[in-house]
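> Take a look at this one; I'll ask things after.
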Amino acid sequence: MMSLFQPVSKTNYLAAFQIQQSCHLVPWSESVFMDSLSNPYFAFQLAVDELVVGYYVGLNVVGEATLMDLGVSEKQRGQGLGQQLLSHFIEQCKQQNCEEIWLEVRESNKSAVRLYQKNGFNSVEVRKDYYPTKSGRENGLIMKACLV
């Protein structure tokens, strides 16, 4: 099994975009996804045996990084791919001399919250009724990790 990270670009974005569409109740539009592929954003996808199985989008503004989005194909979940993607993202942030990383996550996404906590992220704020759900709204957690 061969794993490969590659930058997401305007010529190879479709698989990552399709995963993004399937991961979210309210996904990004194609134009928003395309806009996230150029500076100051950075995006990578993970391919296993040439099949794109996940992606992330980050933003670096003056040493402060934000994990804008991270997704794993539904069929591939539970195999540690989210950890691989997050580890790669953190390494990219270190290479770009980021001092801290911020992210938002649905409070109900317990597996993601655990993943982030395991990697040094701490909850710093709760955004009440931030995310839409099928039956109303739910809280978002703002989390932060320090790299220095």
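Any Cβ shown, glycine's included, is placed from N, Cα and C.
Owing to the predicted nature of the structure, the values given are computational and were not obtained by experimental measurement.
According to TrEMBL, the protein has these features:
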ACT_SITE  E104  active site, proton acceptor
ACT_SITE  Y116  active site, proton donor
BINDING   L70, G71, V72, N109  acetyl-CoA binding site
DOMAIN    3-148  domain 'N-acetyltransferase'
> Please find, for L70, G71, V72, N109 as listed binding acetyl-CoA, the greatest distance between any two Cα atoms, in Å.
13
> Using the alpha carbons only, what distance in Å do you get between V72 (acetyl-CoA binding site) and Y116 (active site, proton donor) once rounded?
15
> Report, in whole Å, the straight Cα-to-Cα distance of the residue listed as 'active site, proton donor' from N109 (acetyl-CoA binding site).
11
> If I restrict to non-local contacts, at least six residues apart, and a C-beta distance under 8 angstroms, what lies near G71 (acetyl-CoA binding site) in its own chain?
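In sequence order, A16, I19, Q20, S22, C23, H24, G54, Y55, Y56 meet the Cβ cut-off.
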> What other residues of the same chain, not counting L70, G71, V72, N109, have a CB atom within 8 A of the CB centroid of the acetyl-CoA site?
C23, G54, D69, G82, L85, A112
> Under a criterion of Cβ-Cβ distance under 8 Å and sequence separation of at least 6, what residues of the same chain contact L70 (acetyl-CoA binding site)?
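Non-local contacts for L70 (acetyl-CoA binding site): G54, Y55, Y56, V57, G82, L85, L86, F89, A112.
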> Validating a neighbour-count step here. Other CB atoms within 10 A of the CB of the residue listed as 'active site, proton acceptor': how many?
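Its Cβ has 16 other Cβ atoms within 10 Å.
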> Measuring Cα to Cα, how many angstrom lie between Y116 (active site, proton donor) and the residue listed as 'active site, proton acceptor'?
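Computed Cα spacing between Y116 (active site, proton donor) and the residue listed as 'active site, proton acceptor' is 10 Å.
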> What does DSSP say about V72 (acetyl-CoA binding site): helix, strand or coil?
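DSSP call for V72 (acetyl-CoA binding site): strand.
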